[in-house]
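Copied over from Swiss-Prot, here are the features:
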- H71, S112, H113, A114, G145, A146, N173, Y284, E365: thiamine diphosphate binding site (BINDING)
- D144, N173: Mg(2+) binding site (BINDING)
Amino acid sequence: MLEQIRGPADLQHLSRAQMEDLAREIRDFLIHKVAATGGHLGPNLGVVELTLALHRVFDSPHDPILFDTGHQAYVHKMLTGRSRDFDTLRKKDGLSGYPSRSESEHDWVESSHASSALSYADGLAKAFELNGHRNRHVVAVVGDGALTGGMCWEALNNIAASRRPVVIVVNDNGRSYAPTIGGFAEHLAGLRLQPGYERVLEEGRKAVRGVPMIGEFCYQCMHSIKAGIKDALSPQVMFTDLGLKYVGPIDGHDESAVEGALRHARAFNAPVVVHVVTRKGMGYAPAENDVDEQMHACGVIDPETGLATSVPGPGWTAAFSETLIELAAKRRDIVAITAAMPGPTGLSAFRKRFPDRFFDVGIAEQHAMTSAAGLAMGGMHPVVALYSTFLNRAFDQMLMDVALHKLPVTMVLDRSGITGPDGASHNGMWDLSILGIVPGMRVAAPRDGARLREELAEAVEVKDGPTAVRFPKGDVGEDIPAIERRDGVDVLAVPADGLSDDVLIIAVGAFAAMSVAVAERLRDQGIGVTVVDPRWVLPVPAAINTLAAAHKLVVTVEDNGGHGGVGSAVSAALRRAEIDVPCRDAALPQAFFDHASRGEVLAEVGLTERTIARQITGWVAALGATAGDRQVSESVD
């Protein structure tokens, strides 16, 4: 049946039995397709009936359907004509793992960062009103913990003050990656446990109003009493007191019930909250039995067992996790903070070992940062573990609440640089540019697991300001030994005998191994290369000035945007020191990159061993910088 669904209109003629069959078919499709490519499986298994109902009630794209935390949009993609492309999910030139404006007119926003859909909805509804579009509803599907983010409540405050037709669907599965925490989560849990008193009261209203003479008076008295009891006992008052209509809670796996609730909400023609209770991983035993994450995201797996088909090597996240636990065992002042991602950021083991020193603040990076500032003021040393891309959300708090007060807070930035399959919104290519302008900030970029352990230990010893440790996604690889350490800077390679100090390569973090390989290629071209790892890359160590002055060309290699990264900082440091050495950088262009593997993206932008070696050869030739004016081949193949 799924093959016959080319668009939402094809759902309108289906019977209830056919809808149930289609839901089962969609789940089976999701399990087998996502098992083959990797992706967000659990969240999408939980929204099958909800998404079917949305597309039967609303006229997409005339009525925009916005998915907060857009990893919930796989079923939406299937129902809008893209099921045939799921073999390419998250692959280069294939389907995005998130809504994508370039894919379909049904995708309004490139949504993947949480808590933003309601603000989009507020703006769209205002625009439709100003443009005279009277019969357009805006639907925002908010779930997977997004309502723990403060931006949602800022938007709700504005939406509630209007009469614009915004339908807010709360997909309540009690989770983000892990179980959702906080007061709001407890409110939703209370709503789930309520009996269907609204239905009973409605029957009572009809009966009382039917009594001759005194019926209306009795009804009004009953209504007043009911309102008082409801305000005292019902958690949904957090919505209704804002002026929002509330419908629910609804069984999110009963398509007919969800559809009825959505039609009811649509008829309000005003802001309304529809509370839908779903189960993440619904219908797939391996996901339902995954207590920690309900298979929120997975790599390539066996669809029958849910087990990974290959075992990855030791990863950066695991190395961080182990090291933090070792440090915390020695230091009672070390505490850990996550923004709803204990598993992905490596803090699950810390939570089990030190539950009283672990804080999951929900999807609230801004609060995480200022809460960390408070902890530091109180004598603790907070370690805030975030994906690099989510640091962007907490910049003001980092700058004004942490750095201005010179507080010892350590930020650990996982998924720095190019992450790949999750696309533009998840690349961590801005962190060095952001961190580099923060006064007093010290940034480490470990090249391997040994340096990660070393630099994290150094970071938590800093008492007079914030620190950050950044590393990429994936396997950590082999340790890369240093030839020597000069004033804190590790020297990884030096010119071969008989070659001059032609080029200084400053390798940032995980690009160290590639930089050493580049040096070997250039040696064969007669170019003498020194490769160094600054370890603490920002601010630029003083030893870099000394090393640069002894070479004819300085090249930085980094997986940050070229503007404002380590390359920019090195150039500025040399100018201030009046060291007149040409500087070049091999860095990411200032662009948003489509989803593809990390290797594919780096190859596309020229950050490979061969391309960098060829670039340096050309720069050296142009500068005439080789010893004795030797002729340098343009080819390093």
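Just so it is clear, glycine is given a Cβ too, placed from its N, Cα and C backbone atoms.
From a predicted model like this one, the values you see are computed outputs, not experimental measurements.
The Cβ of G145 (thiamine diphosphate binding site) has 30 neighbouring Cβ atoms from other residues within 10 Å, across all protein chains displayed.
Within 10 Å of the C-beta of H71 (thiamine diphosphate binding site) we count 22 further C-beta atoms, all protein chains included. Within 10 Å of the C-beta of N173 (thiamine diphosphate binding site) there are 25 other C-beta atoms, taking all protein chains into account. In this structure, H71 (thiamine diphosphate binding site) is part of a helix by DSSP. One residue stands out among the binding-site residues H113, E365 for having the most other Cβ atoms within 10 Å of its Cβ: E365. The thiamine diphosphate site in the record is lined by H71, S112, H113, A114, G145, A146, N173, Y284, E365, and its two most distant CA atoms lie 32 Å apart.
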